[in-house]
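Copied over from Swiss-Prot:
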SITE      LEU28  site 'Important for efficient shutoff activity'
SITE      LEU65  site 'Important for efficient shutoff activity'
ACT_SITE  GLU80  active site
ACT_SITE  ASP108  active site
SITE      ARG195  site 'Important for efficient shutoff activity and nuclear localization'
SITE      LYS198  site 'Important for efficient shutoff activity and nuclear localization'
SITE      ARG199  site 'Important for efficient shutoff activity and nuclear localization'
SITE      LYS202  site 'Important for efficient shutoff activity'
SITE      LYS203  site 'Important for efficient shutoff activity'
SITE      LYS206  site 'Important for efficient shutoff activity'
Amino acid sequence: MEDFVRQCFNPMIVELAEKTMKEYGEDLKIETNKFAAICTHLEVCFMYSDFHFINEQGESIIVELGDPSALLKHRFEIIEGRDRTMAWTVVNSICNTTGAEKPKFLPDLYDYKENRFIEIGVTRREVHIYYLEKANKIKSEKTHIHIFSFTGEEMATKADYTLDEESRARIKTRLFTIRQEMASRGLWDSFVSPREEKRQLKKGLKSQEQCASLPTKVSRRTSPALKILEPMWMDSNRTATLRASCLKCPKK
């Protein structure tokens, strides 16, 4: 699983996942499924915010080609992927600037158009079950919840899906592709079932296959949301985007 993750996710996402696990004292060599889950969640958060901006009239627009105008503002603030101290600093800054209610738990994004924090969920189970778990944990109507599954299903607070259909389809396509790639390597069952994972760990099973290239529709896109995470994040003059190919498996 670790080899699969390193081959099929952008190096920046892998690095952020490694830092996250280290911060919580988790060993990615042992908890490889969690490593894969964190990378997947990070990718969905970045894809959620990709190409979405707010123009001078306060309207939400999509800019996919070239660099966006300096007059455009990023619609989403990415909180996920930061260390906890910096993440709470960003949340506090948003609350002080917008008047938003401070959440009890760290959310994943902030939507400047709808003026709300967003909790993103990616589940291997039924979306409604995971949604209820999230809602019971957060216990706040102020934080918007949006759940995606690896089967193409989704569920959101009050059926408000925030993004346009094409943007959501891009996320669903990527998740379905990850599922297919895992299944082709015999990794999916252990990823879904902790019991199966333990059984495979005891046997010392390890996938040796190389990751095949992803479908062109997904692999050729770039991810403007992969930015250097630093304190200047909240400034209007954001740090430069890391223009890396979005989560592309290397071709042999």
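Cβ atoms are placed via backbone N, Cα and C, with glycine included.
Locations of recorded Swiss-Prot features on the structure.
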residue : record                                          : CB count, 10 Å
LEU28   : site 'Important for efficient shutoff activity' : 20
LEU65   : site 'Important for efficient shutoff activity' : 6
GLU80   : active site                                     : 22
ASP108  : active site                                     : 24
Original post:
Checking the recorded positions LEU28, LEU65, GLU80, which are within 10 Å of ASP108 (active site) at the Cα level?
Top reply: GLU80
Original post:
How many Å separate the Cα atoms of LEU65 (site 'Important for efficient shutoff activity') and LEU28 (site 'Important for efficient shutoff activity')?
Top reply: 36
